[in-house]
Amino acid sequence: MSTEEELPVVEGEESMEEGSVTQDATEETEEDDEPEAEEEEEAGPSDRRRSSRKKGRNGKKGGKKKEASAKLDVPDPYTSTSEEICAALGVNDIEVDYDQAELQGVSSIKAFTAVIRQQLLEANPGTNLSKMYPLQQVKYREFQEHMTAQGKPIQNKPRGTKAPSVATPTREKVTVPQKTRSSRKKRRDSGDPDSDQEFEALIKQHEQQEDDRVKEKEDAKVKRAAAKVEKKKADLEAARAAKKAQKEKGEAVENQNHCEECRQGGELILCDTCPRAYHGICIDPDMEAPPEGDWSCPHCEEHGPEVAVKPEEEAKQNDDFCKICKETENLLLCDSCTCSFHAYCMDPPLTEVPQEETWACPRCVLVQPPQRVEKILSWRWKEIAYPDPIKEGEEPSADDMMLKPPRKMEPRREREFFVKWKYLAYWQCEWISDNVMEVFFPMLVRMYWRKVDSELPPDFEESVSSRHHSDNDPYKLRERFYQFGVKPEWMQIHRIINHQSYAKSQQDYLVKWKELSYDQATWERDDADIANYEQAIIKYWQHRERMLSDDIPKNVQKMIAKHREAKGLPPKEEESRRPKKREKVDIRKKYEVQPDYISETGGNLHPYQLEGINWLRHCWSNGTDAILADEMGLGKTVQSLTFLYTLMKENHTKGPFLIAAPLSTIINWEREAEQWCPDFYVVTYVGDRDSRMVIREHEFSFVEGAVRAGPKASKLKTQENMKFHVLLTSYECINMDKTILSSIDWAALVVDEAHRLKNNQSSFFKNLNEYNIQYRVLLTGTPLQNNLEELFHLLNFLSADRFNMWEGEMTKVAEWMMHADEFRALNSEEKFSVFKLVWQIWQRFERLTMSLEVFGRRALDERILITSNTHAIRMDKVEVDLSKITDYSSGELRKMFHPFCSRLYDDVARPLIELEPSTIEISYMLCHIVWHMAGE
């Protein structure tokens with residue numbers, strides 16, 4: 001508080017009389033305050049901040065801050081105990097073993113927090129770590145006190161940096177002339193004419209002196225500020241140079257991993273003069289890009305860089321017991337850490353006493369693995385035997401006492417971990433020691449022990465496939481991999497998706513493994529010892545030869561010749577003279593037996609499946625989209641895949657074909673395609689963002705750069721040299737990656753479980769309608785259950801131009817058909833109007849072909865293929881007693897309308913079947929109209 005505020009206020013005449021004295025005292029006080037003000041200016045910013053806080057406590061602003069701090073109610077972590085901090089924060093306290101090996105050598109709160117972080121999170125699940133920062137400070141203070149008590153003090157880093165005081169030039173004191181006090185009052189009515197002039201002169205002199213003094217203060221302030229700025233600049237440059245020198249020497253220079261303002265992690269801007277780090281938005285909300293070049297944080301700019309005072313290095317003290325057996329005497333002391341070991345406790349035991357001047361323990365000489373461990377698959381105990389002890393009665397030498405145990409010791413156990421390396425295949429899984437995992441991958445080990453018992457090694461159940469491979473196992477896969485949690489499929493090659501040539505006839509191949517996503521694909525050398533690796537290389541180059549007419553490398557040609565010779569096949573040169581392409585077959589020709597290229601797969605189609613394929617080929621030839629609505633389990637997947645396979649094999653189209661199926665049925669589609677269509681290159685486009693990115697980059701096109709690399713799907717730049725024949729994907733990927741999939745011209749589309757299209761307002765329906773598709777086939781095993789609206793949406797998807805204009809009429813008819821009671825309540829005229837409306841819609845359908853029900857391998861008269869054709873059966877030709885229709889069930893009524901059961905068979909059905917033998921046509925809609933209209 002300034003002196004002026006401390007002066008008492010005198011009221012009345014007394015103050016007037018003592019006015020001169022008060023003025024003089026005030027002037028003297030102002031003079032006395034000048035050194036205090038200068039000292040306050042010379043003090044560091046932290047001192048000024050403290051003084052302002054003290055002033056604020058007595059003022060209004062200080063009261064607000066006090067209220068805010070009262071809300072937080074967090075004790076000072078530098079004076080409070082951990083119990084008080086935990087009670088204030090509402091968190092659980094932890095017991096920290098300050099003598100553990102991980103805390104030896106810790107000299108910063110950052111390193112200390114990294115050790116106790118996991119223990120804090122386990123004791124307080126779901127609590128934000130930044131909330132417990134005061135508790136971390138208290139624990140670190142207690143750790144410092146504990147180490148100091150043991151004679152290993154750790155210097156405490158200052159919480160705030162105080163700028164060094166700047167020497168200010170001393171200035172001479174300006175003596176203000178004192179006013180003389182008169183013992184008597186001057187009379188106001190003095191007759192001296194010079195008294196007013198003298199008084200005015202004194203006032204001007206006093207004002208001039210005040211102006212000179214203020215100017216002098218301002219000049220001194222400017223000089224001191226300039227000196228401070230220059231010193232800060234010099235200190236910043238020196239600190240940056242020191243940090244660069246540390247980096248050049250290879251010393252670890254680490255900044256903190258959280259923002260100094262918000263205590264959160266993320267993308268941080270690192271200070272070049274101190275360990276602090278900041279978010280850009282925490283420094284300046286308008287900052288768009290991080291600053292370039294050397295940058296100092298606002299703290300260093302304001303207060304200058306911190307002057308790190310290095311503590312005096314104390315003599316390192318090693319443990320007085322062995323780290324393995326915990327016994328004393330005859331120890332080897334490590335010169336790099338505080339650990340001590342017996343020579344016979346190492347793995348393997350030492351046979352000679354080290355003679356080097358400096359010796360490092362096994363933990364200090366561990367070499368970091370070249371790859372990062374992706375996950376731990378299993379662990380086991382490893383027994384390590386001790387050497388023979390010193391014989392009784394024998395006088396041991398000094399070396400024997402160091403190298404041999406004093407008594408017989410039982411073998412000890414140590415853990416080994418079976419790990420899978422990042423970016424390497426499961427064929428490269430290895431056993432590594434517990435020391436390597438604890439030193440280089442401690443967090444991975446801690447997470448693994450949360451899920452697995454640390455005393456009993458896991459026992460994996462033997463799968464059927466592993467038992468199948470146990471009889472013929474030249475690679476000893478069961479002994480090396482299967483019993484430790486590796487599935488046999490993970491070690492089987494699915495296909496090779498790309499290659500890189502790095503020398504003459506030498507390549508690296510990118511291998512996709514079975515039942516693993518594409519982001520798990522690994523690069524392998526061409527000479528890798530992997531089962532069926534050569535067959536996969538041959539298939540890869542043969543596919544490139546078929547699609548691009550590429551020349552096969554000479555080393556691969558030798559592989560092909562060797563394999564053909566082992567199978568007893570003619571050489572490749574003789575076979576190449578034969579025509580490669582099959583002759584184009586008339587697609588209207590009906591298959592009486594399945595083609596040879598299908599029989600070569602070892603599968604036999606059922607007669608009804610062969611007839612379904614003939615029907616689909618007939619629809620393709622007419623350009624008519626189709627709905628295959630067989631019952632479940634009758635092989636709709638096989639029929640549709642074989643249909644597409646015949647188009648490719650007979651040179652009707654090369655694709656590509658798009659198959660959209662539920663995610664749960666994707667595996668079944670892959671299995672059927674591998675069995676029935678061996679020459680199809682089927683790509684399964686599912687998985688997370690990284691997997692789909694790999695598929696787009698390596699499986700869509702042979703042209704390099706045809707797909708823009710990156711996690712976001714973009715349009716295909718060119719459709720030349722497409723790599724696949726069939727793209728198998730899910731409904732979700734159709735919507736998510738519409739950008740790239742809609743940019744491809746698809747020869748045909750097959751939608752499994754097509755009842756997903758029953759709603760024309762769904763995103764799947766709308767997005768799929770935007771694709772450029774030449775031909776469409778819908779598969780469904782779900783009966784329509786007399787729901788004409790769902791049928792209309794399926795027809796609308798197949799032919800929007802034909803089935804779009806009658807949507808309102810069809811919806812109205814569907815509502816009437818679904819409510820039979822309301823339909824029966826209509827009078828004859830209303831029923832006739834409904835019938836007339838349906839008949840008008842019916843006559844507009846030029847052709848509608850839909851396979852509705854197939855009853856397996858029954859006789860032909862038991863199978864019901866429901867279709868419609870306005871030229872086949874007219875309502876005026878159907879002779880049925882309507883009064884007896886209601887006595888029949890729906891199934892019997894359908895049989896009644898079957899051509900083979902109808903009296904119109906000779907006149908209508910037989911000519912139609914002879915004309916179109918692939919279909920048996922009957923009006924399913926006509927059946928329902930007659931059924932409902934005959935209700936009364």
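Just so it is clear, glycine is given a Cβ too, placed from its N, Cα and C backbone atoms.
In TrEMBL, annotation is done automatically, which means it is predicted and not curated.
Segment annotation: TrEMBL labels coiled coil over residues 215-256 (candidates 215-256, 299-340, 383-424). The DSSP breakdown of the domain 'PHD-type' (319-367), given as helix, strand and coil counts, is 3 helix, 4 strand, 42 coil.
Secondary structure counts, DSSP: the domain 'PHD-type' (256-303) has 10 helix, 4 strand, 34 coil. In this model, the domain 'NR LBD' (775-936) carries an average pLDDT of 51.
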